[in-house]
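Input: a single structure, listed below in structure tokens.
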Amino acid sequence: MDKRGYFSGFGGCFIPEILNETFEELVKAYEAAKADPAFWQEYIDVMSNYSCRPTPLTFAENLTNHFGGARIYIKREDLNHTGAHKANNVMGQGLLVKRMGKKRVIAETGAGQHGVATATMAARMGFECTIYMGEEDVERQRPNVFWMERLGATVVPVTDGSRTLKDAINEAFRDWVSNMDTTHYVLGTACGPHPFPEMVAWFQSIIGIEARKQILEHEGRLPKSVYACVGGGSNAMGLFSGFMDDPVELVGVEAGGKGLDSGKHAARLSSKDASVGVAQGYKTYFLQDHDGQMKDTHSISAGLDYVGVSPILAHLQAIGRARFEAATDAEVLEAVTLTMRKEGLIPALESSHAFAQAFKEAPSLSKDDIVIINQSGRGDKDIFTVADAFNDPAWKEFIKHKAEQYDA
Amino acid sequence: MLETTIRNKLAQKDILLMTHIVIGYPDLDTSFEVVRTMVEAGVDLMELQIPFSEPMADGPVILKANQDALATGITVDECFDFAEKVAAAYDIPFLFMTYYNILFKYGVEAFAERMAKCGLCGAIVPDLPPEEADDYLAAMNKHGMAPIFIYAPNTTEARMQRIAEHGKGFIYCMARKGVTGLQTDFSGQLGDHLDHCRASTQLPLALGFGVKDRADVEFIKGKADIAVVGSQAIRVLDEGGVPAVEAFIRSLR
């Protein structure tokens with residue numbers, strides 16, 4: 001029996017027997033789509049007509065001047081429909097679901113962006129939709145829950161375990177093993193059993209393909225480095241894919257939370273706290289204890305608060321092709337503040353990790369160097385978290401007033 | 001050898017009963033009492049589940065038991081010690097059931113070796129398909145442990161035959177799709193599935209997922225060799241304590 005979907009020993013397909021036929025079907029559908037140029041063209045057409053692609057590559061002149069080092073460009077995945085790179089993956093999987101003839105989609109979500117994107121895709125394509133979301137994330141990301149429900153999805157708060165993304169993934173798998181005949185699980189990042197890491201990376205590669213073409217148009221040369229935040233790793237895989245064969249440094253930035261020495265972070269590739277394990281259907285670095293039990297993770301951004309990481313990114317680190325760093329919650333808040341003030345952009349807290357790391361490094365680079373930061377999503381979804389972090393008095397007053405109106 | 005033990009028991013009984021506990025749920029002392037009670041009530045084999053933080057194939061009852069056991073701080077070492085204690089105390093085959101990461105982190109070879117030293121007979125690892133199981137199979141075979149593989153209702157007969165080449169002891173057949181502990185329709189279609197299973201392997205067949213009363217066990221007689229009771233025993237324990245477990249097991253046949 002053949003092993004499949006390995007990258008330097010990371011990846012694989014560790015699934016219960018009941019899902020074997022479902023994965024066989026998915027692998028066949030994915031491989032057939034990949035071999036069919038008409039499928040990719042259909043995907044490009046949908047993304048162009050429905051999701052604002054190609055997204056711009058914005059020159060950040062003020063930030064460049066502020067730091068006085070490398071020329072800073074920002075890939076604007078926040079301008080995708082629904083406000084994040086997540087749209088790329090869900091629309092691609094939606095087209096596959098149509099080819100497979102299934103009628104229902106399920107998904108997990110952390111920050112809520114993947115859930116909103118999936119609910120949007122389901123509404124457009126006419127699928128029934130259920131979204132699993134950790135109860136703690138439901139609390140943190142209520143506006144996204146509101147939109148998912150308005151879009152027609154059923155949102156199921158998951159009360160097991162740490163009540164975050166990993167628990168939502170487990171619950172989605174439990175749904176899938178009961179309903180696989182009619183249902184496709186739209187896994188949201190480049191993790192999970194084969195073919196998900198490879199397939200999600202393929203759909204997200206549209207980011208890097210565009211960014212490479214755009215930087216050559218703008219500057220006539222390639223960047224020195226590209227920066228992307230890493231939760232599961234799908235936006236990083238997307239940006240990196242465009243520069244894999246170039247002499248361009250690939251930098252992934254994980255959630256440093258309260259600091260790598262604090263134990264309260266989600267840094268799997270950039271800390272010593274993670275080790276190789278097998279969970280949620282694949283082999284990669286997990287934040288786990290001596291026995292192999294998954295640990296609780298922490299990040300100010302719900303979307304990076306995940307216990308595993310893409311096996312393809314683990315592979316890129318193993319072969320020395322990518323470098324992984326961590327940005328703390330405090331550094332991220334500084335970065336989002338500076339980006340708002342200097343450029344009028346509001347990156348998601350997830351994306352702001354990439355900004356924070358690029359800001360650390362840009363000043364020491366030459367003025368001839370170019371860096372690209374992936375703004376994977378927009379930050380308006382984080383308004384409650386950011387307002388709390390800054391202890392914003394006017395915002396608190398507004399919320400109190402609104403609550404009083406509801407009670408009246 | 002597990003298969004021989006099962007066949008010897010089958011010479012005396014028309015159906016064997018296998019039960020399942022989560023080690024350390026609600027605590028180690030109660031787990032031992034549950035094992036004692038089940039053995040004395042006539043259980044023929046037992047699955048001892050090592051709790052895991054991500055039990056993706058388990059339903060709500062066993063999921064909660066896993067989480068509650070872990071919340072008490074139970075370790076894999078304590079699970080081995082527990083298994084050694086019950087295997088020394090009672091003369092029935094005991095198996096480990098757990099997820100692959102527990103073996104992987106311990107070291108698959110060391111895990112199988114310690115299983116043998118503890119007097120266990122085999123293991124069920126639901127997230128480890130044969131395609132990913134080379135190291136596991138080598139270690140289990142080296143130490144005389146039976147790797148139990150699973151047939152699902154949608155497993156093709158060709159795949160059943162390939163799986164059977166790797167399995168030892170018996171094959172665990174799922175009565176339906178889904179996770180453990182939910183309602184199962186014990187009717188004609190399930191009988192057809194078991195006919196396909198029987199035609200695909202010489203190994204004894206166990207049937208689990210939703211077995212909860214004597215009628216279910218009666219249905220299984222003649223179609224499979226072992227009836228597996230998991231979630232229902234935990235529900236009974238939750239509701240009526242250890243004495244209720246004894247009455248429940250005795251009621252099954």
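Cβ from N, Cα, C; glycine included.
According to Swiss-Prot, the active site, proton acceptor annotation covers B:Glu47 (among others). The DSSP secondary structure for B:Glu47 (active site, proton acceptor) is strand. Around the Cβ of B:Glu47 (active site, proton acceptor), a 10 Å sphere holds 25 further Cβ atoms from the protein chains shown.
Taking the Cβ of B:Asp58 (active site, proton acceptor) as centre and 10 Å as the limit, one finds 26 other Cβ atoms among all the protein chains shown. Classification of B:Asp58 (active site, proton acceptor) by DSSP places it in coil, neither helical nor stranded. Under the heading active site, proton acceptor, Swiss-Prot lists B:Asp58 (among others).
You'll find the Cα of B:Glu47 (active site, proton acceptor) roughly 14 Å from the Cα of B:Asp58 (active site, proton acceptor).
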